[in-house]
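The feature transmembrane segment is assigned by TrEMBL to 30-48, 54-78, 98-117, 129-154, 166-189, 201-225, 237-256, 293-318, 330-351, 357-380.
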Amino acid sequence: MNNMQQSVVVNIVNHESSFRRHFIKNFHSIWFASVMGTGIASTFLYRCPFGAEWLKVCGLIMFGITVCMFLLFSTIFILKNFCFYRNTAFLFDAKQSVFLGCYPMGLVTIINMITLIAEGSFNEKKWFYFIYILWVIDMIMSLMCSWGITFILFTRSHISDYKEHGFNATLLLPLVTMTVCAASGSLFYSMIPNEDFKLVQIIICFLLWANAICLSLPVIVIYFAKLYVTKIVPTSLIFTGFIPIGIMGQGSYGILLMGNNSSNYIIKNYNKYPSNFNNFLETALATANFFKFSALIIALFLSSLGFFLTFLASSSIFHGEKPKFFKKEWWAMCFPIGAMAIASSELGILFDFVTFKVIGCIYGATLVVLTIVCLIGSFIHEFPWHRK
């Protein structure tokens, strides 16, 4: 082998070593937040309340980007933690383990887009079984993140430095997974072929949703107490202020879907159950409306807090020292904004509230702009060929 060939081989080895060192070894689970961001952007574009065909095409393009990113980051995550370095210590580090919640939420955005594309298609039944298998896998991962990581945080992980970096909104990430999973399970409700199966699905989704909300509210209360005591988080954590918005948006979106599904189920199946009422149809319609409008009240309650949290998180960015260049933490803004976009849009669609359709589009436009900025910023500033 001559000197030129040796030089080429050395350069290739050095490049591979650099890629492995900078991109695989230093890979962080926060990158799955980018999958969440692009995924929910594709969902909004495909189901925009003032939709157009070109928006659906843009949604499909964004969906393709989402799938590619999900496969790439999943491969790197496996290579890092199970092949090259075999590191499981991050599971017991509160600053790292909480970001594992981004993985099932990223997968959910893919499931949701497949649902929207397959709904009403010729092969809807075949698509349903594929979607349901993916959803069950995601539900298992969501429970493992929510309950498993919470248990680790309660027993083995130490949250130090409470006043500044220790306790922040990232602790909500494992809990949001169940809310997102519940909303996804409610989205493909109409594709379920069996009526009894539909009832089971409604119950499972509500249990997931209720558990996530019950576990998240105490964390949000403590987070607010911290803000009252120690004020706005430092610049390095400023974007974590958007995370609580996500559970409000997804919680609102999920309960709207569940309320609508429950209403439809009662109207369609009221004659299956015996009753002593003389006019059971009127009773069934009243019960169906009760579920639908109860969901509306809960959704408005959660959305109202989401609006305030949006104001708080946005104001926090301009309050302190402003970030001077792109960092991967910017991705924390996208999914929560997207959650509020689809929640507001769903409020407008289900109850014909034009105002909420407009609010949803404002959130959605912000989401799309942020997603494009983050994609470009990631490509320019975070990929390994820009590292020395």
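Using N, Cα and C of the backbone, Cβ positions are placed for all residues, glycine too.
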Region pair the transmembrane segment (129-154) / the transmembrane segment (30-48), three or more CB pairs under 8 Å: no
Cβ-based contact of the transmembrane segment (30-48) with the transmembrane segment (293-318), 3 or more pairs under 8 Å: no
Long-range Cβ neighbours of the transmembrane segment (166-189) (under 8 Å; 6 or more residues past either end): 94-95, 97-102, 104-105, 108, 111-112, 115-116, 119, 128, 131-132, 135, 138-139, 141-143, 145-146, 149-150, 153, 159-160, 198, 201-202, 204-206, 208-209, 211-213, 215-216, 219-220, 222-223, 226, 233, 237, 240-244, 246-247, 250-251, 253-254, 257-258, 261
Range from 54-78, 237-256, 330-351, 357-380 with the greatest count of C-beta pairs under 8 A to the transmembrane segment (98-117): 54-78
Chain residues in Cβ proximity to the transmembrane segment (237-256) (below 8 Å; excluding those fewer than six residues from its ends, i.e. six or more beyond): 165, 168-170, 172-173, 175-176, 179-180, 182-183, 186, 205, 209, 212-213, 216, 220, 223, 295-296, 298-300, 302-303, 305-306, 309-310, 312-313, 316-317, 320, 323, 329-330, 332-333, 335-343, 346-347, 350
Residue numbers, six or more beyond the limits of the transmembrane segment (330-351), whose CB comes under 8 Å of its CB atoms: 30-31, 33-34, 36-38, 40-41, 43-44, 47-49, 105, 239-240, 242-250, 252-253, 256-257, 260, 292, 296, 299-300, 302-303, 306-307, 310, 313, 323, 357-361, 363-364, 366-367, 370-371, 373-374, 377-378
